[in-house]
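TrEMBL lists 12-62 with the feature region 'Disordered'. The feature domain 'PARG helical' is assigned by TrEMBL to 137-255. If you look up TrEMBL, you'll see 263-383 marked as domain 'PARG catalytic Macro'. Annotation comment: TrEMBL describes ASP293, GLU311, GLU312 as active site. According to TrEMBL, the feature substrate binding site maps to ASN296, GLN310, TYR351.
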Amino acid sequence: LAGNRATRLFRFKMSSPYNGNKGRRRGPTQKPSLEGMFDESNDDAGDRWSKNPSRPLVGASEQHKRIVTMPFPTYQNGIYDFQARCPAEVKAKFDQLNSFSGKEHTAQLEQIVKKHTPEYEKFNFNVLRNALGHLPDASRSQYFDRIFPGIVSLAKDLPGKLSHRPLVFLTPGVTLELRRDEIACLLANAYLCTFPYRDLFTSTLPTVNFITLFSGQPGKDKRESAKVEKLKCLFAYFSKAMEFGPEGEEKVSFSKVALNVKPDWENSQKPMKTFNIEELEGKIEDFEGIQVDFANKLIGGGVIGRGCQQEEIRFITCPELIAARLFTEQLEDNEALVITNFWQYSDHSGYQDDFKYEGPFTGSNNVKRTLVAIDASDFSNTNDSKLEGLVRMIFAPAELFKEELL
């Protein structure tokens, strides 16, 4: 079993030469101003949609459409156009994006977010306030004078960055490539909480907006303090992202792979190939090669919440990984997510409650990192009779996928 490759990845560029009108090739991208995209002449757009039930609302069903609902108007094929009719939820989120000037303080940010997403009324912004309140004066001034305005600018660039193609949910055997500057625009919208609401308790999709990271009771316990350190990691990321030059055009790839047949690791009699085990000291990012993420079935786990273990630390110090939450549905037992060419932006120390941000990343990003995320299984009560099966399950994936990943 270990010698057979389970699947092969195919790369293609997910772009479209069309702007939603059949037979009409799209010319150079025109970026109309955000203001006025929803003027009074379009206020009855939702009524026109409801009068024609044979044409479903854009974003009305993410699961069935296979297209991620964005915080701006699109045609049913997911292609951006400021004249496209859209449902009330998308209109509200785009209005929210238009509301930001970049000069907002935390109270104003909270007011705007809650105005356009009633489900967020129960959340506070105490962790964000605490994080900013504990920054040195110079760093706090930098946040309000440079970082937050930069986040707003990146967020408003999103329609132009992804105007030519929809963002689709991953399926096994397909690779999605996003430029670093496109990911920065996506994460800026997550910071401003402009993506349509996802209910964590009823959805097979991870949450995206950072509202759960902003909210909490600092001082209640150490885990809440760790959320403050996570925010510092995000500040470091956005500080770097708004300075992207040619590196902003580099692509990060996201692939979902799957085993078509479930191996019976415990009872297999086929010999495993030779492998070496080395005891190393240091962090996972200190070593080249494939990095394994012992993941939550909802990718990223509690990265934008209270979680602060191996997966969450990797994602918050390498925020480009967080973008996968937008388009990766719950991982099945036979699936893995492969992310390649992401950067690290923060140094860190500690684990769980003791996690600390230690400044901008001081290592090198001139390496091609690959992370393989698999939904972790609990083997804490494994007996000796199942040990061989456990060993096979741990080491066989590297053999199965090594040629596709390297």
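Keep in mind that glycine also has a Cβ here, set from the backbone N, Cα and C atoms.
Unlike curated records, TrEMBL annotations are generated automatically.
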Sort out the sequence-distant neighbours of TYR351 (substrate binding site) for me: same chain, 6+ apart, CB within less than 8 Å of its CB, listed by position. CYS308, GLN309, ILE313
Counts by DSSP class (helix H/G/I, strand E/B, coil) across the domain 'PARG helical' (137-255): 64 helix, 13 strand, 42 coil
Mind giving me a neighbour count for GLU311 (active site)? Other Cβ atoms within 10 Å of its Cβ, every protein chain shown. 22
Cα separation, ASP293 (active site) to GLU312 (active site) (Å, whole number): 9
How many of the residues that make up the domain 'PARG catalytic Macro' (263-383) does DSSP mark as helix, as strand and as coil? 23 helix, 27 strand, 71 coil
Quick check for the class: what is the C-alpha distance, in angstrom and rounded, between ASN296 (substrate binding site) and GLU311 (active site)? 8
Where GLU311 (active site) and ASP293 (active site) are concerned, what is their Cα separation in Å, rounded? 6
Among ASN296, GLN310, TYR351, listed as contacts of substrate, what is the widest Cα spread in Å, to the nearest whole number? 17
Model confidence over the domain 'PARG helical' (137-255), as mean pLDDT, sits at 91
What residues, ordered by sequence, lie under 8 A Cβ-to-Cβ from ASP293 (active site) and sit at least six positions away in the same chain? GLN310, GLU311, ARG314, LEU371, VAL372, ALA373, ILE374
A correct count of other C-beta atoms within 10 Å of the C-beta of GLN310 (substrate binding site) gives 18
